[in-house]
Each structure stands twice: as C-alpha cells, then as structure tokens.
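Here is what Swiss-Prot records for this protein:
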ACT_SITE  82  active site
ACT_SITE  147  active site, proton acceptor
BINDING   80, 113, 175  Zn(2+) 1 binding site
BINDING   113, 148, 373  Zn(2+) 2 binding site
C-alpha cells in the first residue's frame with residue numbers, strides 16, 4: 001500500500017530511493033558511489049562481494065549467495081548501474097532526488113531502467129535469507145557498468161573473462177520493460193543493433209552548375225532504398241495484430257554529414273542509420289542487401305559498421321524447457337499473465353545469450369507506462385514492492401530447479 005508518512009515508508013522503498021540518488025548518469029557515472037552502496041548491501045546481507053575491473057575504471061560487482069549444491073550451474077541476476085542522460089528542464093522534479101509524490105509515484109532517472117530491478121533482486125534475497133530458506137543452486141547478482149552506451153566496457157568483456165566462467169551460470173535474468181496493461185512482458189530474445197554509416201563520394205564543383213555524379217545524388221538513392229525498406233517493415237507490423245515491434249526490423253536515419261559551404265558541391269557526404277535487426281533475419285543475406293543498395297546507387301558508395309551484433313539467440317519459451325517451466329510456473333502460481341516478446345532494442349542479455357546461457361528479460365512493472373529514457377521517468381511504490389514479491393517467488397523456483405541432464 002502507498003505510504004504517505006515518510007516515517008512509515010517501506011524499508012525496501014527507502015533503499016530504492018537511496019540507490020536512485022546515486023548519480024550514475026552517462027557520460028560520467030558515479031560508479032564508485034554505486035559500488036560502495038553495493039558493498040554495504042553485501043555486508044548487511046551476509047553475501048560475498050567480488051569486484052572485477054574489466055578495463056580501468058569499469059568494475060563488475062558480483063554478490064553471491066551460495067547454494068547447497070555448488071556443483072550445479074547457478075542462477076545469474078544481471079542489472080546495470082548506469083542510467084541515460086536527462087534534460088532537467090523537462091522534469092517536474094529533480095531526476096536524482098527520487099522525489100515521491102502524494103500518490104506514491106517515485107520520479108527518478110533509473111526508476112524503470114533499471115535500478116528498480118537491482119533493488120528487487122537484493123530485497124528478494126534479503127527476504128528469503130531472513131526466512132531461513134536455502135536452495136540447491138547458487139545465486140549470483142551482477143551489477144555492471146556501461147550498458148546504456150553499448151556494454152562494450154561492461155558485459156561484452158565480462159563474458160569473455162575467467163571470472164565470468166567461474167560463475168557457472170545456467171540461467172540468467174536481466175531487464176525488461178514496463179507494460180501499461182495488467183499483463184507482464186517477458187523478453188526471450190532481442191533485435192541486433194547495427195549502426196551503419198554510408199559514405200558517398202562524387203564530383204565536387206561550384207553550386208551554380210548542374211554537376212553530374214554528385215555525392216548527394218548517390219547518397220539520396222541509398223537513403224531512398226533504406227527508407228523504402230523501413231516502410232515495408234512498418235506496414236508488415238501494422239498489418240499483423242499478432243506481431244510485436246521486436247519481431248520486425250526497424251531502421252532510422254540518425255545523422256547526415258557533408259558540405260563545407262553553401263556554394264560548394266561536396267565531394268563526400270555520409271548518412272548514418274540505426275538498424276535493429278530481428279533475430280530471425282539471415283544476417284549474411286541482410287548485409288548483402290546493404291551492399292546491393294550501395295552498388296545500385298553508383299560508384300564510390302560504401303558502408304561501414306560502427307556497431308554490428310550478429311549472434312542473436314532465442315531462449316526457449318515452451319514448457320518442455322525446464323527453465324521456462326520454472327519461470328512461467330512461478331508466475332502462474334502468483335496469478336501473473338505473461339506476454340512473451342522479442343525485445344525491440346538491445347540489452348546486456350545479448351552477450352549472455354551469445355555465450356550459450358539462456359536469459360529472460362523481465363522487469364515486473366505492469367499497469368505502468370513505458371518511460372525508460374523519457375522525461376519524468378517514474379514508478380509507483382506499490383508496483384515496485386509487488387516486484388519484490390514477484391522476484392521472491394521467481395528466485396525460489398529457479399534456484400530450486402533440480403539437476404538437469406548434462407549437469408554435474
């Protein structure tokens with residue numbers, strides 16, 4: 001229930017707001033403050049705390065609750081500590097004050113993405129430990145930097161290190177999205193981010209002339225081809241009510257560059273695109289399509305990748321899979337309606353799945369508008385607290401999954 005008296009605020013909400021006040025905003029996150037906070041949580045909960053610096057200044061913090069059978073693969077609970085920038089002038093309240101209004105809404109950057117989930121992990125573990133529970137499987141909580149700018153100095157490097165292998169993760173949970181309906185969205189895969197820069201070269205000259213074979217003309221052809229593809233995918237999504245956004249490939253033109261003066265036709269121009277490639281797309285064939293679009297535009301048109309992820313994996317969502325059966329069974333026992341989807345953007349789950357670990361993205365926020373990265377990002381305290389209850393049930397089920405075929 002919503003608490004209007006600050007002195008009677010639920011301790012989990014107080015802890016959540018404390019974490020939100022640590023300004024881990026890109027591009028200069030206070031990672032040190034977050035690590036200190038997590039070290040104190042580990043001390044209070046009686047958990048081991050390991051810090052792994054993957055590159056100078058970028059530390060993965062791992063809190064561990066050992067299971068009764070440490071030979072079994074573990075449960076990995078991942079969350080990122082950084083948050084995206086804000087435009088304070090568009091916020092009703094300071095985005096790093098964690099202001100709670102009279103209705104119980106907590107306004108803060110990271111309230112949905114994804115500090116709520118971090119605290120829900122911690123508070124679920126606290127509750128289970130305080131009740132005297134022990135489970136066969138070890139639970140590791142990883143708190144990683146850099147996710148909001150691609151995870152290249154965070155999870156992407158961490159999964160390649162021996163410290164990650166030592167966790168022996170058998171199944172992972174990570175972030176999802178809010179759902180404005182009564183249902184809860186769970187993500188079993190995600191689209192692959194391709195950031196593509198197309199460069200067109202052509203004949204320069206004085207802008208008063210009809211110059212042939214200009215960079216702009218050829219770049220226009222590529223842009224038209226890509227935007228025509230975009231429209232085709234948009235119509236495919238709109239025509240099928242059963243399709244969700246993550247099931248189609250999206251693309252947006254995000255940057256145009258070129259030119260030195262109004263009266264000079266430039267020799268070089270470029271356009272940058274953000275593709276989010278659906279996981280069922282043939283990646284090699286799609287790259288060849290990009291090549292064809294450039295070739296069809298004329299000589300001197302090339303493309304390069306600023307980011308390219310080509311290892312999409314799908315976590316099984318049928319009851320024959322023991323992990324899905326445990327996850328969905330626990331949700332059913334709590335009377336939760338699940339809507340499995342493909343995540344439309346990118347999270348650190350892609351790196352976890354790419355090394356062969358099944359992962360689901362799940363942020364238990366129903367009846368909540370999707371406000372991640374938006375002005376006035378907020379979460380109601382009742383929704384947050386119910387999320388603690390939900391994760392308590394999920395951890396009990398997942399950490400109790402019996403030995404599977406092939407596990408030692």
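Including glycine, each Cβ sits where the backbone N, Cα and C put it.
When the recorded positions 80, 82, 113, 147, 175 are screened for a Cα within 10 A of the Cα of residue 373 (Zn(2+) 2 binding site), the ones that qualify are 113. The CA atom of the residue listed as 'active site, proton acceptor' is located 11 Å away from the CA atom of residue 175 (Zn(2+) 1 binding site). Taking the mean position of the Cβ atoms of 113, 148, 373 as the Zn(2+) 2 site, the remaining same-chain residues with a Cβ inside 8 Å of that point are 83, 84, 110, 114, 372.
Rounded to a whole number, the distance between the Cα atoms of residue 148 (Zn(2+) 2 binding site) and residue 80 (Zn(2+) 1 binding site) is 8 Å. Nearest to residue 82 (active site) in space, judged by Cα atoms and limited to the binding-site residues 113, 148, 175, is 148. Of the chain residues outside the Zn(2+) 1 site list 80, 113, 175, 79, 110, 114, 117, 147, 148, 174, 347, 363, 372 have their Cβ within 8 Å of the site's Cβ mean position. Note: the CA-CA distance between residue 148 (Zn(2+) 2 binding site) and residue 113 (Zn(2+) 1 binding site) rounds to 10 Å.
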